[in-house]
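Notes follow once the structure below has been shown.
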Amino acid sequence: MNFELSAKKITQIKADFEVVFIQDKNLKNFSKAKDLFKINDYKGEGACLDLANKILYIELKSLEYEDIRMACFNIYKTLSKLNIKSIKIPSILGKCVVMSFSSLVQGFKFGVYEFNKYKSEKKISSLEKIIISYEEINGKEFDKKEAQIGINMGEILANATNFTKDIVNEIPQIYTPLKMAEDALSLAKENKDITCKVYDEKFLSKEKMNAFLAVNKASIHPPRLIHLSYKPKNAKQKVVFVGKGLTYDSGGLSLKPADYMLTMKADKSGAAAAMGIIKAVAELKLDIEVHSVLGATENMIGGDAYKPDDVLISREGVSIEVRNTDAEGRLVLADCLSFAQDLKPDLLIDMATLTGACVVGLGEFTSAIMGNNEDLQNDFYQTSKKSGEYTTVLHFNPHLRELIKSNIADVSNTASSRYGGAITAGLFLDKFIRKEYKDKWLHLDIAGPAYLEKSWGYNAFGASGAGVRMCIAYLLKLSSKVMK
Ligand code: BES
Ligand code: ZN
Ligand code: ZN
C-alpha cells in the first residue's frame with residue numbers, strides 16, 4: 001500500500017473513491033448527502049457509502065491519535081471490499097503533524113493485517129494507493145516535510161508491529177527456538193545496522209544459566225539465547241530489552257488445564273516484541289544503542305522435566321525453589337536479565353506474557369508497568385498513552401515481597417498466595433536486578449493484550465504486537481524526536 005501526499009485540493013485529485021470525515025457527528029455541513037443519510041439512517045457514526053458518487057463518509061470521533069487510527073482502519077475495512085485501486089482523503093491534523101500522519105498510516109496498515117497463511121482462500125484487496133491532500137486543514141497551513149516524516153514513521157511502526165504479530169501468530173510446530181534464532185539472524189542480514197549472536201545450550205551451561213536450562217529440559221527442541229544489537233555512532237544512551245520467548249508453554253509437570261494451554265504459542269510475545277522494536281529502531285536510525293536479549297525455549301513435560309521441589313542455582317547465584325513449573329517465564333527471564341545487566345544498560349526493560357493474574361487484574365487490553373523507579377514508570381506510562389497501547393503502573397510493596405520467600409532457597413518461583421500474582425512475579429524478577437540497576441529497570445507484563453481471542457479496535461484476531469509501539473514511543477522520547 002502506497003501513501004502519497006498531494007498539494008492539490010481534494011476536488012482536483014483523481015482517484016477511484018473520495019473519503020469525507022464526519023467530526024462530532026455533525027451532518028449539517030453535508031447538505032448534498034442529506035437524502036443518502038436519511039435512507040441509510042446514518043447519524044454520523046461509523047461509515048456511510050455513497051456508491052453513486054463514489055464517496056465514503058466516515059466518522060472521526062476526535063483528533064486524538066487513537067481516533068485517527070480508528071477512522072483510517074474503518075476506511076480500509078469498508079473500502080477493501082470494493083474493487084477500487086485508489087482513494088483520496090483530506091489530511092487529519094491532531095496536536096502534532098508527525099504523530100497525526102503516523103497514526104493515519106497505522107490505521108490503514110493495521111486494517112490490512114491478517115494472519116492467513118493457513119487459509120486456502122485468502123482475501124485480496126485491490127486498494128493500493130492512498131492520496132492525502134494537504135492543501136490546508138481548518139484554514140491552517142502545515143509543514144509538508146513533517147507530514148512525510150510522519151508517513152515514514154507510521155510505515156516503520158506498523159511494519160514492526162505486524163512483523164511481531166507474524167512471529168507470535170506462527171504455530172508452535174513450526175516456531176521453535178531454532179526458528180526464532182533463524183528469524184533473528186535474517187533480521188540482522190536484512191539490516192546492516194543490526195548484528196545478531198545466537199548462543200546454544202553449551203553456552204548456557206558454561207554461563208551457569210541453570211534456571212533457563214531447567215525450563216528447557218523436557219523439550220525435544222534445544223534452547224537458544226539470542227542477542228540482537230544496534231550500535232549507532234554517537235549513541236547517547238544504551239537501552240537493553242529482554243523478551244520472554246516461550247515458543248510453547250504447556251505448564252510443564254504442573255500441567256495447564258486444556259482450556260488454558262490453548263493460545264500458549266503466544267508465550268513468545270515478549271521476545272517477538274523485542275525483535276520488532278530493534279527492527280524499527282534501526283529503520284528509524286535512532287541515536288540510541290539498543291540490544292534485544294531473547295530467551296527462547298519450550299516448557300514441556302517428560303521423564304526429563306524439571307520438577308516442583310527442584311532447587312535451581314541461577315546465573316546471578318540466587319537459588320530458586322521451584323514450586324510450580326508453570327511459573328517458568330520468570331526463570332528464563334532471571335538468567336536473561338543477568339546476562340543483560342552485563343551489557344551495562346542505562347535503561348533495562350523486560351517484556352513478558354508473565355502472568356494470568358495480570359489479565360485477571362487489568363483485563364485483556366492493558367499491560368502492566370512495574371519497577372522500583374516511580375518517576376521512570378510514570379514517564380513511561382505517559383508516553384505509552386500516545387502510542388495506542390493501554391498501560392497502567394502496578395506498585396510493589398513490602399508485604400507482597402514476603403510472599404515469595406522460600407524455606408529452603410533464596411526465593412520461591414511461586415508466591416504463597418494467589419492474590420497479587422502479577423506483582424509477586426515482578427518482585428521475583430527484582431531479586432535478579434543488581435543494586436546499580438534497580439532504578440534503571442522496568443518490567444512490562446503484556447499477558448493481556450499480546451494475543452486476542454476476539455478482535456478489538458483496529459487489532460485483528462490473534463497477536464497484537466503488544467509492547468512494540470509503546471517502547472518505540474519511549475525511545476523516540478529519549479532521542480528527543482517528536483512525540484507531542
Ligand atoms: N504464560 C503464562 C502466563 C499467561 C497466562 C500468559 C495467560 C497469557 C495468558 C505463565 O507462564 C504462567 O503460566 N503463569 C502462571 C504462574 C503461576 C503458576 C504462579 C499463572 O499465571 O497462572
Ligand atoms: Zn507458564
Ligand atoms: Zn509462560
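Keep in mind that glycine also has a Cβ here, set from the backbone N, Cα and C atoms.
Heads up, TrEMBL stuff is auto-annotated, nobody curated it.
Among the candidates Asp267, Asp309, Asp350, the one that TrEMBL lists alongside Lys244, Asp249, Glu328 as binding Mn(2+) 2 is Asp267. Summary: among the recorded positions (Lys244, Lys256, Arg330), the fewest other C-beta atoms within 10 A of the C-beta are counted at Lys256.
Residues from the recorded positions list (Lys244, Lys256, Asp267, Arg330) with a C-beta closer than 6 Å to any atom of ligand 2: none. DSSP places the residues of the domain 'Cytosol aminopeptidase' (324-331) in helix, strand and coil in these numbers: 3 helix, 0 strand, 5 coil. The number of other Cβ atoms within 10 Å of the Cβ belonging to Asp267 (Mn(2+) 2 binding site), over all protein chains shown, comes to 27. Taking Lys244, Asp249, Lys256, Asp326, Arg330 as the candidate recorded positions, the subset whose CB lies under 6 angstroms from any atom of ligand 3 consists of Asp249. Under 6 Å, Cβ to nearest atom of ligand 1: this is the test, and of the recorded positions Lys244, Lys256, Arg330 it is passed by none. For Glu328 (Mn(2+) 2 binding site), other Cβ atoms within 10 Å of its Cβ number 29.
Of all the recorded positions listed here (Lys244, Asp249, Lys256, Asp267), Lys244 has the Cα closest to the Cα of Arg330 (active site).
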